[in-house]
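> Found this in Swiss-Prot, in case it helps:
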| type | residues | note |
| --- | --- | --- |
| BINDING | Gly156, Gly157, Ala158, Gly159, Val160, Gly161, Lys162, Thr163 | ATP binding site |
Amino acid sequence: MVKTNLNKGYVTQIIGPVLDIKFSEGNLPPIYSAIKIILDDNTETIVEVQQLLGDNKVRAVSMRSTDGLKRGVEAIDLGTPINVPVGTPTLGRIFNVIGEPVDEQGEVKYDETLPIHRDAPAFTELETKPSIFETGIKVVDLLAPYRRGGKIGLFGGAGVGKTVLIMELINNIAKAHGGVSVFGGVGERTREGNDLYEEMKESGVINEKNFAESKVALVYGQMNEPPGARMRVGLTALTMAEYFRDVNKQDVLLFIDNIFRFTQAGSEVSALLGRMPSAVGYQPTLATEMGALQERITSTTQGSITSIQAVYVPADDLTDPAPATTFAHLDATTVLSRGLAAKGIYPAVDPLDSTSTMLQVGIVTEEHYATAENVKETLQRYKELQDIIAILGIDELSEEDRLTVARARKVERFLSQPFFVAEIFTGSPGEYVSLEDTIKGFLMVLNGELDDLPEQAFYLVGNIDQAIAKAETLK
């Protein structure tokens, strides 16, 4: 038998997803090491070291269910943190937290792996000049532009179009920036993960015939997984994204759905690890854990990772420590509105609630800034007049206010746009609208150059030329 120098220990205690493992004197694995445990039925469980307890024991968190584990089972120190496959072979596939494919499409032939725990880029590697990341979506680029290498919070309830917006962004970054996307499903519903996968195949974001031509890699750790998996799956997705940025020198979109579940999983494990809970029962290390994840998402001189994170707000309380800690890291927010979705205005991005730190003179052009402010002003005035219209009717408004309402309704409709991934639903071909065309279009509407066009001409079109052409067909 070949002699191996693997460091072995045995399980001494199991408390739910947390277990203690004893090693021989002087052979303690460092924190974040991966340890493999093989059960009687030959199934493997990977656990990650969280604490060194003294007496040659470590406390670890399991990435799989601990059902069937018993004390005395052998544990093998793998000598490294959890390593996951990276690079082009990951495209079009679904992985779990430890980098195993879970889509029943056969094994993944990969050349490289990377550890999920890595340092954030050094200051000298960072791209310091803020630049806008053009998405081709009018409402986003004009009113709440994304920062290249920034972090965006995506807020919205069920059924207002989060998934379709995410898929359109994946599609547009591939076409316009030659970039790829990584989707991290953190602690959300398995059904939603499956629906997203099926929709991506339908819309061509995932190419089943040739996975290498797909535009996205998927990493899932859903609600039914133990907290260890949900706590680490975000890091697995981030590691795959970092490879595309640092080695392939691409612009990468990283989606995390949902960032709150990352915090929630950490709080589930925290008490079992014997840590004193802090405010509202969250882990005392909440800000540190969030910072370790978020600081790795950034622009370097090689490429960028722009992250879009769905944010669940527990009980709609924005002061809850979990969302409050997340907000500190965000550069922009995209808020989806049920009211707009009910009107059929898609994408249902709320133009008054969505914000961005990029919308300031010096980063965007003066023309862009002035147009965006003018659009918001017009929509805000329309919002204020709606009560009067509802009670007295539009005829009771002054001439000036009636003109404002007419333009605001055109602006509202012009903020809608046909998506490439929604062609099946809308029957209209998708449109990518450049920032230049977007600004030009809204300027023309606000300056009154198109007051004689019917408002229906502005609904679900790309640039302003299409609206003018559509008006001709409506005559």
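The backbone N, Cα and C atoms fix where each Cβ goes, and this holds for glycine too.
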> Quick check: which same-chain residues outside Gly156, Gly157, Ala158, Gly159, Val160, Gly161, Lys162, Thr163 lie with their CB within 8 A of the centre of the ATP site CB atoms?
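Leaving out the recorded residues gives Leu336, Ala341, Ala348.
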> For the binding-site residues Ala158, Val160, which Cβ has the most other Cβ atoms within 10 Å, all shown protein chains included?
Val160
> Tell me which of the binding-site residues Gly156, Gly159 sits in the most Cβ-dense spot, judged by other Cβ atoms within 10 Å.
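When each Cβ's neighbours within 10 Å are tallied, Gly156 leads.
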> For Ala158 (ATP binding site), just give me the three-state DSSP call.
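The three-state answer is coil.
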> Hey, what's the Cβ neighbour count for Gly161 (ATP binding site) at 10 Å?
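Looking across every protein chain shown, the total is 19.
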> For the binding-site residues Gly157, Lys162, Thr163, work out the Cβ neighbour count at 10 Å and name the residue with the minimum.
Gly157
